[in-house]
């Protein structure tokens with residue numbers, strides 16, 4: 001969603017700066033502005049015209065398609081991609097003062113901390129090389145400041161034994177051992193770790209177009225402006241950069257700037273800010289005036305839903321869903337079958353509505369080979385878009401996987417206890433996708449006492465993100481010959497998947513009061529005499545006490 005936002009790195013320096021300097025030496029820039037991509041071809045486009053307001057009864061699937069067709073024109077010459085915009089200008093004739101002023105103002109909205117944007121000033125056209133160079137090395141300092149959040153410590157005031165046990169298991173979010181770091185470092189000797197691929201750039205631009213169309217269709221006049229949508233993508237990239245910084249790898253690796261976290265997860269701005277706080281990035285960036293993109297305090301309960309019912313779906317009535325016009329009839333059947341499998345195995349019901357009001361799931365097709373599906377984790381405001389490519393096989397299973405994300409379920413292989421069950425071959429991972437293998441922050445997700453399952457529909461396959469596709473990146477530590485083929489299955493919900501959903505949604509009043517309850521339950525604390533009373537009172541779901 002989030003997506004724009006080329007937070008540019010050394011590859012831009014290598015490719016753009018010589019080109020710009022040559023333009024200056026010749027007294028003009030080469031080429032013409034017509035090289036800009038006015039609209040990604042990878043997304044389904046609807047007919048011309050915006051259509052009406054979905055709240056007025058217009059089919060939401062039609063509306064999103066109509067808006068998507070116009071987003072490119074509304075954005076102008078790649079206006080959402082500031083650096084790409086500069087690149088296009090550098091190849092054409094010198095723009096008029098009015099045209100350059102418009103682009104310079106847009107740049108300063110995106111990067112309010114840039115030295116050329118201070119005290120009401122704007123960069124000049126001759127500043128283009130300096131602008132690019134500054135962003136390459138200091139983008140995080142130029143974006144709106146990361147807000148400092150009041151994050152509750154779930155271990156505060158607890159029994160020393162419970163605290164000590166969690167700390168003995170807890171690996172610091174994003175941390176690597178020296179051996180693991182060296183293995184990744186060695187990979188970069190033969191892998192272009194400091195260059196952004198064109199595929200990432202294209203995927204991000206396509207996703208931005210789709211997300212802008214969705215926000216406009218669902219939010220109407222209340223939809224966030226382009227800069228606000230762009231900031232989600234900037235924050236996502238900042239999280240990936242911060243993870244590499246924590247692992248002491250940021251000086252050699254440029255994370256994939258594709259707008260996506262962990263291959264198929266979209267981060268809201270609040271979720272990204274939470275992760276940045278956990279990674280020590282709170283307060284980084286520039287102050288912006290009223291209406292700026294990054295301010296405001298967000299309470300802990302507003303980010304993910306383990307400690308708050310706010311982000312959970314109300315399942316006392318069916319969850320509304322709608323199907324975009326981009327979907328073929330066979331695609332719609334796969335989605336309906338996926339929702340049916342969830343419903344027959346749990347208490348969660350779904351109801352189709354062509355003109356949904358309020359929170360709902362919105363399924364859309366994206367003609368992309370870069371991902372199978374994308375979704376937010378947990379319920380989002382005003383609705384949850386779920387993007388599916390239908391190009392990976394097991395379409396019904398992929399739809400279930402992404403719907404599970406929307407219901408609030410994280411990936412199996414990022415659990416706190418992951419390293420007890422699988423071994424990551426750090427020497428074979430794509431270093432630019434390090435976020436795919438970094439164990440989740442322990443404060444965010446709970447297992448609800450369900451055991452690690454190799455066959456979970458929420459597990460990735462053994463070869464995901466591999467440099468050498470013939471070698472696995474994830475190797476089961478228990479019976480690898482039998483369990484390796486199970487990783488990444490999308491045929492059905494497993495017993496563990498169903499049990500987790502039931503604990504999350506199907507036991508009214510049976511809640512955990514601490515995000516670590518699932519971990520304690522799996523290690524027998526529900527039945528230990530010294531901890532039994534506290535566990536049974538505070539970890540009812542994980543201890544199966546209701």
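Using N, Cα and C of the backbone, Cβ positions are placed for all residues, glycine too.
Over in Swiss-Prot, the protein carries these features:
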| type | residues | note |
| --- | --- | --- |
| SIGNAL | 1-14 | signal peptide |
| CARBOHYD | 248 | N-linked glycosylation site |
| DOMAIN | 308-507 | domain 'Peptidase M12A' |
| DISULFID | 347-506 | disulfide bond |
| DISULFID | 372-392 | disulfide bond |
| BINDING | 401, 405, 411 | Zn(2+) binding site |
| ACT_SITE | 402 | active site |
| DISULFID | 510-546 | disulfide bond |
| DOMAIN | 510-546 | domain 'ShKT' |
| DISULFID | 517-539 | disulfide bond |
| DISULFID | 526-543 | disulfide bond |
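What Swiss-Prot annotates, mapped onto the structure for a quick look.
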| residue | record | DSSP (3 states) |
| --- | --- | --- |
| 248 | N-linked glycosylation site | coil |
| 347 | disulfide bond | coil |
| 392 | disulfide bond | coil |
| 401 | Zn(2+) binding site | helix |
| 411 | Zn(2+) binding site | coil |
| 506 | disulfide bond | coil |
| 517 | disulfide bond | helix |
| 543 | disulfide bond | coil |
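Across the structure, residue 510 (disulfide bond) and residue 411 (Zn(2+) binding site) are spaced 23 Å apart at their Cα atoms. A Cβ within 8 Å of the Cβ centre of 401, 405, 411, the residues given for Zn(2+), is found for these other residues of the same chain: 264, 265, 375, 377, 402, 404, 409, 410, 457, 458. Cβ contacts within 10 Å of residue 411 (Zn(2+) binding site), excluding its own Cβ and spanning all protein chains shown: 22. Note on the disulfide-bonded residues 517, 526: the fewest other CB atoms within 10 A surround the CB of 526. By the criterion of other Cβ atoms within 10 Å of the residue's own Cβ, the least surrounded of the disulfide-bonded residues 372, 506, 539 is 506. Remark: residue 543 (disulfide bond) has 449, 517, 521, 526, 535, 536 as non-local neighbours, by Cβ distance under 8 Å and separation of at least 6 in sequence. Residue 405 (Zn(2+) binding site) has 347 as its nearest neighbour among the recorded positions 248, 347, 539, going by CA to CA distance. In this structure, the CA atom of residue 401 (Zn(2+) binding site) is 10 Å away from the CA atom of residue 372 (disulfide bond). In this structure the alpha carbons, written CA, of residue 347 (disulfide bond) and residue 546 (disulfide bond) are 16 Å apart. Between the binding-site residues 401, 405, 401 has the most other Cβ atoms inside 10 Å of its own Cβ, all protein chains included. In this structure the C-alpha atoms belonging to residue 411 (Zn(2+) binding site) and residue 539 (disulfide bond) are separated by 22 Å.
According to DSSP, residue 526 (disulfide bond) sits in a coil region rather than a helix or strand. In sequence order, 264, 373, 374, 375, 386, 387, 388 make up the list of same-chain residues 6 or more apart from residue 402 (active site) whose Cβ falls under 8 Å from its Cβ. Counting every protein chain shown, 13 other Cβ atoms lie within 10 Å of the Cβ of residue 347 (disulfide bond). Cα of residue 392 (disulfide bond) to Cα of residue 506 (disulfide bond): a span of 31 Å.
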